[in-house]
Amino acid sequence: MRSTVLEYDISKVIELARVGKRVDGRALDEMRDFTITLNKFENAEGSAIVQLGETQVISGIKMLVDKPYPDNPNEGAISVGAELLPLAHGDYEYGPPSMDEIEVARVVDRGLRESKAIDFTKLCIKEGEAAFVAFFDFYAVNSDGNLFDAGSIAGIASFLNAKIPKLDEENRIVKQEYAGKIELKRIPLLTTFVKVGGRILVDPTYIEEKAAEARFSVATTDDGFMSAMQKGVGGSFTLEEVNYMIDTGFKVANETRKKLLKMVGKK
Amino acid sequence: MSKEEVIDYKKTKKRLDGRKMDEIRPLSIKVGVIPNADGSAYLEWGQNKVYAAVYGPREALPKHTQNPYKAVIKAVYRMASFSVPDRKRPGPNRRDHEISKVLSEALEKVVFVNQFPNTEIAVMVEVADSNAGSRVACLTAAACALADAGIPMRDLVSAVGVGKAFNEIVLDLNKDEEDAPDAVDVPLAIMPTTGEIVLLQMDGLLTRKEWDAVAALGIKGCQQVYEVQKKALTERFTVEELNKKAVEKAVGVEKNTKKEVVLEKKVDKVDKKEKESKTEKKGKDSKSKKVRK
């Protein structure tokens, strides 16, 4: 029953895409509206609830003290985790991390990490001995596609508001006390596209992702850099299509960034 | 809590956060927050913040989990990594598994499970923020989500934490009280109309007499929780709310159909053009044929 409905929806999405239309009436290069709720979760060092269309993710940062990696003794680190909770969709299941969860976490991670937005040396406490590790985890609570961009927005919102825990003389975290904030040198944001019926759609919904021949994400910064790319799903893109998506990615991300910074009170 | 000064609630008459002994922390529930789910709820109870979703009744898989006589209630309790003061490692631990089990069993009593043989009713709860009493928060939210899903139930389940801290019997312990030297923690859940107990756990030292006080206070607390649950559910299912939903849905459909109509018109135009051009072509063809003749 469910799959019959799904097949019908998918064929509808493809049919509309062929004539440049989308089921929800959006333009092909139009992102869904989003809202951000900041620092709702008090146990986290920084947290955000992001609602992108009907997609909802909750996210938070926990900072722990650990020994720096031997090859970077003067740097801290970040870690990104993603869970597609079975709460969020009837298709998701509990269990060890799925391929999709690992991919979305790693793409969000790369967009953030490779942009060098966070100065890891500032997370170092004592060279070779102690450094902060910022664990950013996000969870899908309701899934209607494009967890890449939702996770990316949640990441930036959380990091922009994350407080660094206070330490005692032995570099142990003093609970509920903070000293300083994490600084971001630039703001990288992911923009995700799918190819449906030969057309390129930005910010796909769940059903558009199901209808997709191929998927592409690009992380772009406010100062004109690209920090990560990822092509997914079986199909292919021409170079022209990739270039179009990169250019559109810069444009869409700029608008998203403006809205985001306004929402988190940074501009 | 500093160990030098001994806190005694019998003397202070007030709790660390200013509450009375029989007062619960502020509790609010919103039902129907996850559109994908068949039923859902979001609950805030003090610092505790939890999401609950219900999917089902649906085919129980793998097949050997099916029961030919009843639906299987599969409750799953999980915590987000950032929901506790120290980061929780992803993946379930023994505590998560145990709580999942007692939640499933508490809910099984209220659902008419015999009506849905061979199915599972998945109840998932995710703790996003916590401060003592997260399991009762989850159970309270889960019961609302089940009701929201329209699953036939005998009753709701209302839960509360009760116990002893700083030499006094208290309702709805917070983390500071749970860490008290003489702390006793009793998670308790009842079916509020009959008063039957569906979840009961305890750790700590309690005399027989103290237990009577704890039980009485707990049941009183559950009734308070029940009122909030009823309010959340009636808010969701008032005529106004349902009408609003219906209107929204109708408007949404209208929007879509309008767009489709526009689309169809365009398609019609295209068709007409094609037809015209075809007829033209035909005309030309016939003309050219005539000319040839």
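Every residue gets a Cβ built from N, Cα and C, even glycine.
As written in TrEMBL, here are the features:
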DOMAIN    B:23-152  domain 'Exoribonuclease phosphorolytic'
DOMAIN    B:155-220  domain 'Exoribonuclease phosphorolytic'
REGION    B:268-293  region 'Disordered'
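Sorting each residue of the domain 'Exoribonuclease phosphorolytic' (B:155-220) by its DSSP state yields 17 helix, 24 strand, 25 coil. Assigned with DSSP, the residues of the domain 'Exoribonuclease phosphorolytic' (B:23-152) fall into helix, strand and coil as follows: 36 helix, 46 strand, 48 coil.
In the predicted model, the domain 'Exoribonuclease phosphorolytic' (B:155-220) has a mean pLDDT of 95.
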